[in-house]
Structures are given as C-alpha cells and as structure tokens.
C-alpha cells in the first residue's frame with residue numbers, strides 16, 4: 001500500500017484559543033496551556049488502516065531530550081492515557097483525522113516543534129507539522145500555578161491593563177498602566193527574555209528543562225527585567241537626571257518598553273524605577289500564564305545590613321546626612337506577587353509569592369528578589385527561600401533616628417519607629433478601587449502576635465550571645481550592633497508635634513502649613529525648633545533645600561501653639577522633581593534635653609479629568625473630552641496630551657494643547673475607535689516643559705458591535 005502523507009494541518013486556532021483562554025494572542029502559531037488537551041485536524045493522502053497509528057514528537061529548546069523532559073514521543077490511542085504527553089483520536093472521516101493532544105500539567109513551557117510519522121513507517125523520518133507555544137495554566141488544578149477563582153484569573157492573567165498606586169501614605173494616587181500582554185510581538189519578546197538570560201546562554205539545554213517550574217521561571221524573570229547583571233530589559237536610574245533616555249514617569253505601560261528592547265537588539269531601555277520594573281514583570285508573567293499583580297508598599301524600608309532597622313542619621317535641623325545613612329525608607333516601593341505552589345517549602349507556603357525586579361540588593365550574586373512566600377513573611381519564617389529577610393524588613397523594620405553630633409557621637413531621637421510597611425495596596429479584582437492587603441504581610445501593628453513574629457524573625461536572622469548586661473548581635477557576614485541600640489526606645493518627650501496643611505498643596509502654588517506643638521506637662525517649657533524642607537525623590541533622597549529657619553517657642557502649661565510656615569512656589573519650582581514631593585522636618589529640643597523629630601512628606605496635587613461623550617462600541621468612533629488646568633500663575637505653551645490604551649490605539653497619540661493662560665481651565669476633544677470589547681483603560685497625560693507630567697486614566701466599557 002502506498003505511503004501515507006500529511007497534506008494539510010488545521011490547528012483549530014479559534015476552538016483551541018477559546019478553550020485555553022489564549023484567543024487574544026495575535027501570534028501566527030497556536031498558543032495553548034499545559035495540562036489541557038488541544039485539537040488539530042490532519043488531511044492525509046489516504047485513509048489510514050485500522051492497525052496504523054500515528055507517532056507524534058514534541059521538542060523544545062536546543063538538544064531536546066526525553067531525559068531532560070524537553071522531548072516526548074507518543075502515539076495515538078482511543079483514550080488519553082498516561083502521565084506524559086498523550087494523543088487520542090477524536091474523529092476520522094475518510095482522509096481526515098482529528099486528534100486531541102495533551103501535555104502534562106508540569107510540562108516545560110515555551111515554543112515547541114511538533115512532528116509526526118506513521119507507526120508502519122519506521123524507516124521514514126518525521127514530518128514537521130509546525131510550531132506551537134505552551135504556557136502555564138492557572139485553569140488546570142494539577143498545575144502549580146492553578147488559581148481557583150475565575151474572577152481572579154480574569155483579573156490577574158487576562159486583564160491587559162491595571163493600576164499602580166504611588167504617592168505617600170496619607171495621599172495615595174492611582175496611576176494607570178497598560179500591561180498589553182496580548183499586543184503584537186509581546187509573547188515572542190517574553191520568550192526571548194528567557195532565552196537571553198545568563199543561565200540560558202551558559203547552558204541552554206539545562207535552562208530550558210527547568211522551565212516547568214514557576215519558581216525557576218519567576219526568579220529568572222526577576223533578574224532579567226532589570227539590566228544590572230545582564231542585558232536585561234530596563235536600566236534603573238534614581239538620580240533625577242534622565243539624559244539619553246526616557247524619564248520613568250513618562251512610561252504609561254510595558255508595551256513600548258518591551259518593543260524598544262527588541263528593536264534595540266536587547267540593549268537595556270533607559271530608564272526605570274520600581275513601578276516600571278513591576279509593571280514590566282507583571283506583563284511578562286501574565287503573558288506566560290502566571291497569575292500576577294502589582295503591589296505598593298508605603299513607607300518601604302531598604303535595610304542594607306539586614307538588622308531589621310532603618311537607621312537614619314540627621315543633623316540639628318533634621319536633615320538627612322547622606323554620607324552616614326546607608327539604609328533608607330522610600331515613600332513607596334512597588335513589587336509583584338505571583339500565585340503558585342511552593343513545592344520546595346510545602347503546601348503551607350502556597351499562594352502569593354513576592355517577586356521584585358527592582359535592583360536593590362543581590363540575591364545569590366544577582367540583582368533579583370524572590371519568590372518569597374507572603375505567608376512566610378507574615379509568620380516570620382525569614383529563613384525560607386528566597387530573600388525572606390529583605391522582604392520582611394521592607395514591611396517590618398523599625399525606623400530609628402540618630403542625631404549626629406560634631407564630635408561624631410550619636411544620640412537616639414524620639415520619632416515614630418512603627419511607620420514602616422503601611423497601606424500595602426493592590427488593585428481590586430474587577431474594579432479600579434484600591435484594596436489594602438497589609439494584613440496578608442503582618443499581624444496588626446503592636447499586637448501580641450505581631451511582636452511574637454518579630455521576635456521569631458530576629459532569632460532566625462541573628463545569632464545572639466550575652467556580653468555583660470547587654471546583648472551582642474552579629475549578623476552573618478555583617479557588622480556588629482548592640483541589641484539594646486535596636487530595641488530600647490528613645491525617651492518619650494514631654495511635648496508632641498505635628499505638621500498640618502492649612503490648604504491643599506497644589507502644584508504651582510505657595511505651600512501653607514503649620515507646625516503644631518503641644519506641651520503635655522503642667523510646667524512651662526522652652527522649645528528650640530529647627531525647621532528644614534527639601535524637594536525629594538520618592539526614595540526620600542533630598543534634591544535641594546527650600547526651607548531653613550529656627551524658632552524659639554515658649555509653651556505654657558498644657559498649651560498648644562502653631563508655627564506658621566509658607567514656602568513660595570518660586571522657592572521650590574526650579575528644584576521640584578517629577579515625583580512632585582517635598583519633605584519637611586522639625587528638630588525640637590526641649591528644656592531638659594529631650595529631642596523630638598517631626599517629619600511630613602507632601603505630594604503636590606494636580607488636576608485632569610477624562611470623559612467619554614457617548615457609548616463606546618467596537619469599530620465605532622467615540623469622542624473623548626479631556627479637561628486640564630494650567631497649575632501655574634504664568635502663561636504656558638507647548639503643552640500636549642499623550643494618549644495610550646490597548647484596544648483603542650495601535651501606537652501612542654500626541655495631541656497639541658492650545659496656549660494656557662495662568663490657571664486657565666481648558667478642554668480638548670479627540671476621537672478614538674475601539675478595536676476590543678470589555679473594560680478597557682485609556683491613559684491621558686498632560687505633558688509640558690514647564691511642570692511635571694499630570695497623569696490621568698479612565699476605564700471605558702466597550703460593547704461588541706451589533
């Protein structure tokens with residue numbers, strides 16, 4: 001009988017895409033998820049005999065082998081049997097055969113080559129049918145990345161836009177972000193990120209064989225999203241100068257960054273800061289099929305020596321001494337959480353895992369962080385892989401202030417030590433509201449359980465031995481500290497202090513506030529107040545001093561007094577960074593030598609509104625109206641609206657804004673034509689050379705065409 005040949009392959013992209021939730025990927029090849037069957041139809045040169053079976057072969061990566069689980073050979077049967085790859089006959093009509101292929105739920109993810117031969121043709125070579133891409137599968141209960149809630153899968157895997165929370169603890173701002181994991185070339189770029197990693201370059205076959213494991217894959221992505229140890233995607237910059245690149249605040253999503261990395265032949269894209277790294281990593285991991293969200297931690301510690309203490313050194317005006325202060329507390333820090341099982345730790349630690357691509361500290365010689373189990377952080381199990389001590393400190397470290405004297409002695413100053421790790425936030429499932437998830441990371445501040453966990457973490461981190469009346473702590477590989485330096489609080493002063501805003505802090509306006517002091521005693525107190533203020537980056541690194549003054553205050557018994565403070569716009573306009581942040585400090589020296597440090601972080605406010613004038617429908621133009629206000633008391637020109645949004649625009653849109661008179665309100669209209677249905681995010685920023693970008697976004701619900 002004449003040999004049988006495959007003359008045509010129908011990959012059934014529509015049917016398989018719907019079943020595997022991959023229909024949004026625009027790739028020419030089929031995209032499916034592991035642990036789940038997919039169908040394809042083969043047109044044959046003749047009908048196969050009943051005793052003839054087809055033998056399939058799948059291969060991924062270089063030097064694919066069955067030993068490394070990067071190659072599998074399997075044949076058709078009437079049923080899908082076995083733990084590995086399987087093939088089952090679905091239907092046969094004359095010369096047409098439909099088969100169902102299924103991968104195991106722990107298969108290596110990536111691009112596969114599929115080949116076929118007939119069982120009776122042992123001497124014939126395999127016939128290549130083509131390539132397909134296999135992803136992680138949160139819908140498969142046997143997959144380590146399985147997520148039970150359909151609402152959460154829609155949000156954390158399929159939603160191609162999101163919200164990143166920035167600002168300060170008392171004034172949290174929402175920023176839209178276009179993840180765009182289904183945009184052109186993004187899946188190929190995400191697979192290229194894995195292939196560009198040092199592990200793949202050094203030993204490609206072994207690296208590919210490890211891609212069945214979400215722990216391994218996420219750790220590689222965490223390192224590759226930054227460029228510190230490799231030709232990764234984004235280059236960080238925290239100095240406020242962005243020559244030769246793009247300011248981190250000008251990015252509105254991941255797509256432009258990833259496409260620029262590809263077009264630049266894998267040259268790192270300039271520049272990123274924490275929310276950019278987190279936004280890009282969220283895109284990559286959602287694209288690969290791992291449920292991922294972006295998380296913001298306000299008052300986030302960067303504990304360089306891992307002593308669970310952020311030690312800040314200040315002068316007599318409360319100004320940070322940069323040369324002495326190695327640790328820092330950022331106004332906010334943004335990282336990712338991904339959902340998967342921890343086969344290395346046990347089921348107690350399954351669920352959300354912290355991953356951080358921002359290059360802060362090295363982990364096993366590489367700038368990366370995680371995955372660290374959120375449960376392990378909450379329970380103080382900081383000895384577990386990976387990078388638990390650093391993440392625990394980010395949300396739990398004590399904030400300790402030291403007054404540095406000219407004779408190089410230091411003195412503990414009373415301040416709020418429990419300000420670290422506040423308002424840990426992420427976007428709500430199915431809406432654009434903020435959800436506080438602080439209780440996932442730690443027990444209520446000051447509770448007995450929280451103190452027990454903190455003590456447990458200290459014991460895990462440190463080896464402790466007695467030295468006289470004090471306890472000496474040595475961090476492995478680190479410096480020595482006195483235990484009572486860490487745990488004994490400064491003397492609580494007999495006065496209190498607080499900065500109070502007298503009117504909203506608007507960009508372009510004078511800043512008006514007061515320092516409110518209160519005497520807690522029944523005796524008269526003399527207080528020497530040294531005030532300072534500076535424009536800062538969101539890392540709280542000072543840029544330029546804008547306030548420096550002293551006051552002598554007499555407080556009667558139980559008396560409260562206000563010291564009015566005005567900082568004119570002309571004082572801060574030249575040195576205000578794109579973060580729009582100002583830090584005020586008051587060092588208060590009381591009669592009996594008591595010392596109190598009062599601090600306040602301020603984010604200047606701005607204004608932009610976006611309205612859609614009518615119903616939005618796929619394929620039908622709709623008008624958008626954007627209203628902006630010139631924040632300055634001067635005339636400005638050369639302003640533009642920068643518009644971006646997956647499902648609305650193929651590329652970023654720039655619209656000129658007419659010259660704006662001082663504090664003028666103006667509206668600009670433009671049309672967009674939606675190409676995708678469902679809730680879609682449209683971002684609009686007012687960009688000007690005269691003031692920092694004013695960012696806005698709106699969620700538009702797009703209906704399918706009638």
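Cβ atoms here come from the backbone N, Cα and C positions, even for glycine.
According to TrEMBL, the protein carries these features:
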type     : residues           : note
ACT_SITE : 274                : active site
ACT_SITE : 333                : active site
ACT_SITE : 356                : active site
BINDING  : 396, 398, 445, 450 : Ca(2+) binding site
DOMAIN   : 266-359            : domain 'Transglutaminase-like'
Packing count at residue 398 (Ca(2+) binding site) (other Cβ atoms within 10 Å of its Cβ): 20
Surrounding CB atoms that lie within 10 Å of the CB of residue 396 (Ca(2+) binding site), all protein chains: 24
Proximal residue to residue 274 (active site) among recorded positions 333, 356, 398, 445 (C-alpha distance): 333
CB within-chain contacts under 8 A for residue 333 (active site), separation at least 6: 274, 296, 297, 300, 302, 358, 394
Surrounding CB atoms that lie within 10 Å of the CB of residue 450 (Ca(2+) binding site), all protein chains: 17
Residue with minimal Cβ packing [other Cβ atoms within 10 Å] among the recorded positions 356, 445: 445
Distance, residue 356 (active site) to residue 396 (Ca(2+) binding site) (CA atoms, angstrom): 17
Other CB atoms, at most 10 A from the CB of residue 274 (active site): 27
Residues close to Ca(2+) site centre defined by 396, 398, 445, 450, Cβ within 8 Å: 418, 420, 421, 442, 446, 451, 454
Rounded to the nearest Å - Cα separation of residue 398 (Ca(2+) binding site) and residue 356 (active site): 21
Overall pLDDT for the domain 'Transglutaminase-like' (266-359), taken as the rounded mean: 95
Rounded distance in angstrom between the Cα atoms of residue 450 (Ca(2+) binding site) and residue 356 (active site): 24
